[in-house]
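What follows is one structure encoded as structure tokens, with my remarks underneath.
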Ligand SMILES: [Fe+2]
Ligand SMILES: [Fe+2]
């Protein structure tokens with residue numbers, strides 16, 4: 001495997017481990033098909049970029065940027081997403097697993113419930129495909145951001161956790177009822193991973209990508 | 001709808017107006033009752049497009065998704081009509097999204113038909129001639145549309161459009177629910193949101209893009225082409 005070949009990371013749990021919040025069928029398609037497609041197309045785009053670069057073809061290099069952003073973003077986002085989920089029965093899925101982060105959430109939003117409601121509103125306000133993220137920024141502290149399509153949060157902020165709001169993330173189970181998906185995702189957030197990311201930098205959060213090269 | 005709204009949202013103006021003023025024309029089912037958008041009836045049964053689009057998809061797509069756009073459009077229109085400029089400005093993106101969703105789906109239902117009736121086949125007459133001139137042929141058009149659909153990064157639509165000024169046909173894509181506007185008149189739209197195919201085709205969206213050609217209503221496309 002060359003240095004610019006990415007591969008699909010293994011899920012840290014079984015496909016059915018997030019039931020009943022997210023069905024095994026969704027998890028399997030989402031991971032083995034959707035995420036795999038981003039990885040495959042990212043590798044293709046990077047290979048073309050290499051060829052364009054060694055040929056000194058800057059027009060071709062520029063033309064490849066959207067594909068790299070979209071598929072690279074898809075790979076980054078899903079890799080972070082799998083890690084920031086956990087079976088609801090595990091200790092990691094309890095907000096207690098993130099004491100420092102939770103204190104900051106209380107300070108920023110007033111309470112965990114108020115944060116949850118603000119985050120859920122942001123998720124349901126996405127028009128089209130996209131993601132909602134809790135991020136930490138050096139200057140502004142904790143913030144909720146939404147991103148369109150597969151735009152990744154790579155602007156220096158630390159992604160604490162993300163929620164996939166593409167229809168493929170919930171449709172087979174929730175159909176058009178995305179509010180119920182958003183309600184249930186709170187049962188499977190991995191607060192232990194969120195706490196780790198909260199203490200680390202952006203580089204630490206993205207280390208999962210290095211591991212899957 | 002107030003005159004203020006008509007001035008504020010040029011992109012939607014034409015489409016909304018034609019929905020009100022020409023109920024029997026191209027946007028026949030973009031129906032409004034006393035300025036309120038309503039969900040149009042489908043011109044066929046939910047199961048009528050099977051096996052290409054399942055009855056379950058059609059039912060959810062029409063009764064739930066399209067209805068949500070209608071409801072969202074009416075609520076945005078109400079906010080804008082309330083006269084509070086701050087609230088109105090905030091509602092503008094919602095008007096674009098839900099208004100676009102209502103327009104796009106209304107056009108979409110009409111450009112589909114059961115394969116046992118008008119659905120499928122190839123266009124003929126003046127439309128076929130134009131397709132030959134602008135694309136080289138029907139197969140090339142189909143390929144271009146499918147390539148455009150496959151290239152949508154996220155949710156969106158692909159459209160066969162006619163340029164009002166030049167009369168030229170082309171294929172364009174629009175993200176999310178952005179409606180076709182400007183010099184372009186929408187002739188044929190294909191919904192590339194995941195809700196349009198996921199229950200039947202899952203991640204295999206190319207299969208949906210191939211299948212949908214069996215249920216395209218070329219009569220509708222031709223009539224839009226002639227009026228444009
Ligand atoms: Fe996804
Ligand atoms: Fe749709």
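Using the three backbone atoms N, Cα and C, a Cβ is placed for every residue, glycine included.
Annotation comment: TrEMBL describes B:61, B:105, B:191, B:195 as Mn(2+) binding site. Remark: residue B:195 (Mn(2+) binding site) has B:57, B:60, B:61, B:65 as non-local neighbours, by Cβ distance under 8 Å and separation of at least 6 in sequence. Residue B:195 (Mn(2+) binding site) falls within a helix when secondary structure is assigned with DSSP.
Taken from TrEMBL, the feature domain 'Manganese/iron superoxide dismutase N-terminal' covers B:38-113.
Taken from TrEMBL, the feature domain 'Manganese/iron superoxide dismutase C-terminal' covers B:123-224.
The DSSP breakdown of the domain 'Manganese/iron superoxide dismutase C-terminal' (B:123-224) into helical (H, G, I), extended (E, B) and coil residues amounts to 49 helix, 25 strand, 28 coil. Chain A comes within the C-beta cut-off of under 8 angstroms for the following of the binding-site residues B:105, B:191, B:195: B:195.
Residue B:191 (Mn(2+) binding site): 24 other CB atoms within 10 A of its CB, across all protein chains. Of the chain residues outside the Mn(2+) site list B:61, B:105, B:191, B:195, B:62, B:65, B:66, B:108, B:193, B:196 have their Cβ within 8 Å of the site's Cβ mean position.
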